[in-house]
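Below: one structure, written as structure tokens.
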Amino acid sequence: MFRRLLIATVVGILAAFAVAGFRHAMLLLEWLFLNNDSGSLVNAATNLSPWRRLLTPALGGLAAGLLLMGWQKFTQQRPHAPTDYMEALQTDGQFDYAASLVKSLASLLVVTSGSAIGREGAMILLAALAASCFAQRFTPRQEWKLWIACGAAAGMAAAYRAPLAGSLFIAEVLFGTMMLASLGPVIISAVVALLVSNLINHSDALLYNVQLSVTVQARDYALIISTGVLAGLCGPLLLTLMNACHRGFVSLKLAPPWQLALGGLIVGLLSLFTPAVWGNGYSTVQSFLTAPPLLMIIAGIFLCKLCAVLASSGSGAPGGVFTPTLFIGLAIGMLYGRSLGLWFPDGEEITLLLGLTGMATLLAATTHAPIMSTLMICEMTGEYQLLPGLLIACVIASVISRTLHRDSIYRQHTAQHS
């Protein structure tokens with residue numbers, strides 16, 4: 001047991017450095033090509049001329065597509081999905097290291113050029129890749145899946161500063177592939193990755209700064225639960241839209257470079273209306289949580305961002321949809337809160353409360369992982385007072401969504417790339 005905990009610690013350290021490496025590479029490319037050192041792609045888009053804002057995501061998609069197509073022709077193999085750590089956990093615990101690194105590089109290109117796709121998917125993949133590489137050299141074959149799971153959880157902890165949610169992500173989303181006794185090393189890896197990541201970044205701040213002064217009462221629990229019902233209905237709709245967009249892009253029968261370029265061009269067009277569509281949505285989420293906008297502003301940004309996410313994911317841009325889903329959930333919750341706020345004197349607090357609830361419940365509705373989703377929002381914001389209400393709402397959202405749409409967002413993604 002001590003040996004496993006020691007290896008889990010090493011895996012956590014490797015994962016933290018893998019995540020930090022991707023993050024610093026992303027910042028470097030943003031500085032080189034966008035003249036942006038703020039770390040915010042929305043700020044970068046705001047400072048660009050309209051024609052550069054239009055073309056940059058398309059050029060990034062074109063470059064990523066050329067890279068993927070070149071690799072495919074070189075190896076005569078069809079590329080794997082960028083989240084192939086899930087496939088590795090469900091099969092024999094082995095990676096195609098070269099293909100995974102190429103996918104990560106392609107993800108780096110589309111992320112830094114403004115596509116509305118998550119950077120964290122590549123971060124988690126690289127963390128799992130580092131763990132797998134270490135495991136194959138120093139551990140027996142029957143343990144390889146465990147260390148990939150530890151690496152993925154550690155990568156998620158380092159990317160989102162949420163070690164418990166990262167651990168439960170593995171336990172819930174991949175339920176049945178791990179023994180409960182194996183959760184110990186997973187948690188150790190996740191916590192170590194968070195601590196090392198904090199040392200690298202010289203910060204232990206929460207991912208999102210929220211000033212929620214409300215004391216949750218009976219009325220608030222009712223609103224939280226009703227938001228869970230709403231998210232349970234919206235989750236399957238989002239998954240259906242993503243699947244339809246993917247089929248639409250595939251039906252065009254374009255070569256990968258042109259398909260990704262088209263997705264990027266759509267993002268560029270939308271960014272002419274609002275630069276908030278650029279990137280994974282992190283900075284927009286933070287700005288909404290700091291000062292919730294008016295109803296019509298939320299609605300406008302939400303529609304543009306939703307179309308950008310659908311275009312990016314539908315075109316096959318390598319990356320995750322975890323963080324974009326958080327923004328969509330936040331916007332749905334805030335739209336609901338703004339509508340209800342017309343009838344309550346504390347409309348601002350209700351909007352913020354239901355925005356956080358929307359983040360958790362839509363995540364639960366799309367991942368079918370209610371416990372992970374609840375802990376994720378609590379760990380990212382520090383608002384643990386919401387935990388009981390969020391847990392109930394997330395379970396409701398997950399049950400409704402699972403009833404209406406059998407597959408989670410991860411199973412749907414795997415099916416699209418199989």
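Cβ coordinates are placed from backbone N, Cα and C, and glycine is handled just like the others.
Among the ranges 106-126, 316-336, the one that Swiss-Prot lists as transmembrane segment is 316-336.
When each of 5-25, 54-74, 146-166 is scored by its Cβ pairs under 8 Å to the transmembrane segment (316-336), the top-ranked stretch turns out to be 54-74. Within its own chain, the transmembrane segment (54-74) has Cβ neighbours under 8 Å at 33-34, 48, 99, 102-103, 105-107, 109-110, 112-115, 255-265, 267-269, 271-272, 278, 315, 317-318, counting only residues six or more beyond its boundaries. Same-chain residues lying 6+ beyond the ends of the transmembrane segment (352-372) with a Cβ under 8 Å from its Cβ atoms: 165, 168-169, 171-173, 210, 212, 214, 216, 220, 223-224, 227-228, 230-232, 234-236, 238-239, 285, 288-289, 292, 322, 325-326, 328-334, 336-337, 340, 381, 383, 386, 389-391, 393-398, 400-402, 408-410. Taking every recorded stretch in 258-278, 291-311, 380-400 and counting its Cβ pairs under 8 Å to the transmembrane segment (222-242), the highest total belongs to 380-400.
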